[in-house]
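**Student:** Dropping the structure in here first, questions after.
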Amino acid sequence: MPLEKLFDWGGEQLAMYCGEDLGDLIIITLNNAVEATLAIILLFKCELKLLQATVSGVVLLHLLLIPGTAFMVGGARVWEQTLHPTRSQLNHTLLTIGILALLVPAAFFAAIDHGMPPPGAEGTDQAINDDIRDDFLKMGRGFSVILLFVYVCSRFYLHDPPGEGNAFQPPAGAPADLVAKERELREADPEINPWACSLLLLLCVGLMGATAEWLVDSVEGVREESNISEEWFGLILLPILSWSADGAITLGFFVRMSLKQYFKLADAPPPTTIAEARAIELSIQFLLFWMPFLVLLGWWASKPVSVLFDLFEVTVLIGSCFLVNYVTADSKTNWAEGTMMISLYLMIALSAWFYPGQPEVRIMNACTGIADALVNGVGPEE
């Protein structure tokens, strides 16, 4: 929890030097550091199917549960809240292309002939063999380069718009609260030198890496001793555990502010009309930056990290993308829409508890060759 506080504080300090929008990008990257470190550890442990489930789970958590809770709590005392207009419009497209990058390989795999293999072929059918897996690995590496290019272009569009000095100005037609927040940032005095702050954040990232490794080692024992399926473990439990420190800080802040408002204390802040939707941008960064980075890192480390995800995971991600884009289409939210987002997350969590996983995808994501995976019984969970 102290590391999460340092991340938030350091990001806010840097935002005073580089503006609200660019500061948000720094905070988003730092907040994703825990999950990204966790994913890298799973990659080098060659837990590739668990890695994919965790990537899907992190995206779902930041798409549904976290923003849904923020919309529900933040909108409890106002009729509606407003989202950042420029980001909201661009995020719809970014989120859609990120999800479609997972849908295309899943559709490709489903369309391949799964008939009986020819004599002497290795694998359970014509679609499950090393040659097909190599094709998916090449496809994934190409997709990764394209997604990274898309993400970098989107950051330039948002954080370095055309014109002089526009990077430090709110967009035209921005809500009054957003303009006021940007003005406060420009007038505030930072508490630390930017270079010292950067050094502190790098140190925190190193400590976070060690903490994430301890987390993986500790929860592995729980998974082995319990009846929790790998799918639910990666899709629901690991992302929530990695977010728990940030969640505890957020909950503490909410309780403190609620008590101040309930007892009408002098320093109680008025209800804000700006919706807190940073978590959606965390999920977009994880889809368009960290997931491609993991695929390319796996290529460098000779780990067969693929973009062929479980069909159930792809389906729930598409549904989540549809709901989030629909909720934020008018750049406004309210507590009722937040409740719907939380409800969808709970339905996915309940379904994942009973879901055994897709055997063919588990075999295709084995760390060994396909033939060895079949011999060693990599497939449906026992």
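For all residues, glycine too, the Cβ spot is worked out from N, Cα and C.
TrEMBL lists these features:
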- 25-154: domain 'Sodium/calcium exchanger membrane region' (DOMAIN)
- 199-352: domain 'Sodium/calcium exchanger membrane region' (DOMAIN)
- 25-44: transmembrane segment (TRANSMEM)
- 50-73: transmembrane segment (TRANSMEM)
- 94-112: transmembrane segment (TRANSMEM)
- 192-212: transmembrane segment (TRANSMEM)
- 232-255: transmembrane segment (TRANSMEM)
- 282-301: transmembrane segment (TRANSMEM)
- 307-328: transmembrane segment (TRANSMEM)
- 335-355: transmembrane segment (TRANSMEM)
**Student:** Mind checking which residues of the chain, 6+ beyond the ends of the transmembrane segment (335-355), have their Cβ under 8 Å from one of its Cβ atoms?
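**Tutor:** Same-chain residues near the transmembrane segment (335-355) but 6 or more away: 60-61, 63-65, 67-76, 229, 231-232, 235-236, 312, 316, 319-320, 323-324, 327.
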**Student:** Please tell me whether the transmembrane segment (94-112) and the transmembrane segment (282-301) touch - that is, whether there are at least 3 C-beta pairs under 8 Å between them, with each pair 6 or more apart in sequence.
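**Tutor:** Yes, since the transmembrane segment (94-112) and the transmembrane segment (282-301) share at least 3 Cβ pairs closer than 8 Å, they count as touching.
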**Student:** Hey, does the transmembrane segment (50-73) touch the transmembrane segment (307-328), meaning at least 3 C-beta pairs closer than 8 angstroms, sequence gap 6 or more?
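**Tutor:** Answer yes, regions in contact.
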**Student:** Which sequence-distant residues neighbour the transmembrane segment (192-212)? Criterion: at least 6 residues beyond either end, Cβ under 8 Å.
**Tutor:** 3, 6-7, 10-11, 13-14, 17, 30, 33-34, 37-38, 41, 242
**Student:** Across the domain 'Sodium/calcium exchanger membrane region' (25-154), what are the DSSP residue counts per state (helix, strand, coil)?
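**Tutor:** Residue counts for the domain 'Sodium/calcium exchanger membrane region' (25-154) by secondary structure: 98 helix, 2 strand, 30 coil.
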